[in-house]
């Protein structure tokens, strides 16, 4: 009964219901858009598009987390502090560089498909994770690390057992931002041949089919909201655990 009162449960249920209902929604969209000969996207199943979309976001976000967290840890060490401005600048440039431009540059070199899309999403996903890692590690009281040092912990042990657990809620908030950005940005990966929930949107825009755009946009928006709520729960759980 508690699950039935959870908004997150109903959001997930709505997403799954839309995935399986949209292929049979022709009467509704035909009534809304009578001028369209094919008002429902049927080239691929929405379930397959959703799985491909989540896989692309998951892989790119994983690399973004590894790179962003690793770089954040490195430049907060004494031996890497001088590289902090450079790392922050590179990450900021990657965030401001349009993903469409990244795809346009990568396609002639790598070809069509997932690879250029993954590169673009990694560039977009690194900055929030890096900034959160720097903020989380920077907020740790120096006395805490000194106590850990006095207990005989090595540098690696202090990072793994003290600093990262304390900074985890802040880092996870950055990961949350990164993943949500990538869920939306992954839609343009369909322009280079990757199957995502953006495929109906891109085809709809190019073919002036508003119904396709609505169908894809509904699923992408719901996926972003669900991811946001899931990470909100994780951040709350980690914050309570840290206390």
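Here, residue 1 is simply the first one shown, and the rest follow in order.
Note that Cβ sites are derived from N, Cα and C of the backbone, with glycine treated the same way.
As recorded in Swiss-Prot:
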TOPO_DOM  1-8  topological domain 'Cytoplasmic'
TRANSMEM  9-29  transmembrane segment
TOPO_DOM  30-46  topological domain 'Periplasmic'
TRANSMEM  47-67  transmembrane segment
DOMAIN    50-231  domain 'ABC transmembrane type-1'
TOPO_DOM  68-101  topological domain 'Cytoplasmic'
TRANSMEM  102-122  transmembrane segment
TRANSMEM  124-144  transmembrane segment
TOPO_DOM  145-161  topological domain 'Cytoplasmic'
TRANSMEM  162-182  transmembrane segment
TOPO_DOM  183-206  topological domain 'Periplasmic'
TRANSMEM  207-227  transmembrane segment
TOPO_DOM  228-243  topological domain 'Cytoplasmic'
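Taken through DSSP, the topological domain 'Cytoplasmic' (145-161) splits into 13 helix, 0 strand, 4 coil.
Most Cβ pairs within less than 8 Å of the transmembrane segment (9-29), among stretches 47-67, 102-122, 124-144, 162-182, 207-227, belong to 207-227.
The stretch from 47-67, 102-122, 124-144, 207-227 with the most CB pairs below 8 A to the transmembrane segment (162-182) is 124-144. Counting only same-chain residues 6+ beyond the ends of the topological domain 'Periplasmic' (183-206), those with a CB under 8 A from a CB of the stretch are 41, 43-44, 46, 48-50, 52-53, 56-57, 60, 99-100, 103, 106-107, 112-114, 116-117, 120-121, 124, 212-217, 219-220, 223-224, 227.
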